[in-house]
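Scroll down for the structure; my scribbles are underneath it.
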């Protein structure tokens, strides 16, 4: 009942024009055309680019800028190629790619394990200048010094001191330079840095095909382009697959 007795609301600013008529009038009265705006924008950009070109020409004509450009060219000529392969080919101190983990070790690299150019857990650390022994002493070694040489199962890891079996029971690594079979020193698994699970048959480096320089370059570039997390996961999977008995 209260709603019926409410006074009627009358809006003073009402209009009888329909929406169609209103929008039609708005379209007719539209002032600037989009083409004109676009043309004016292009003209402003051309003016600005002409100013920039003049400024760049003035900068090039300055003697200080010319001297800096000449210095930059001579520096590039002095350094030669600056791509990643040229930088990787240069030695990094004593751990150069020709000294320990380099391309000039065909005998050891012929015996690359299934990991390609991967070694133990400290591959990347050693090549970038670290030493990173994981835990134990040097002879026991942990999974340590294996600089991308194909030394199987971690390089300098062994199980004993320098008294048992040459340099200890594999003090130069299982399948490293002294394998448990007829390797060079003591008892390791494999020949000379080879894959060998043959326990004395010496399946290793000398039976592998020789890798060319291009193949080694491609493997190394692919390895260096991977991220650290990807390499760590891949290396952990490889170590768990090949060395299940030494999970410490």
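Any Cβ shown, glycine's included, is placed from N, Cα and C.
When Swiss-Prot is compared with the stretches 134-143, 144-153, 194-203, the one noted as motif 'GAR motif' is 194-203. If you average pLDDT over the motif 'GAR motif' (194-203) in this model, you get 46. In this structure, the CA atom of residue 64 (phosphoserine) is 24 Å away from the CA atom of residue 49 (phosphoserine). Figure note: comparing Cβ neighbours within 10 Å for the modified residues 40, 64, 242, the maximum is reached by 242. When secondary structure is read from DSSP and collapsed to three states, residue 40 (phosphoserine) falls in the helix class. Summarising the environment of residue 49 (phosphoserine), the number of other Cβ atoms within 10 Å of its Cβ, over all protein chains shown, is 10.
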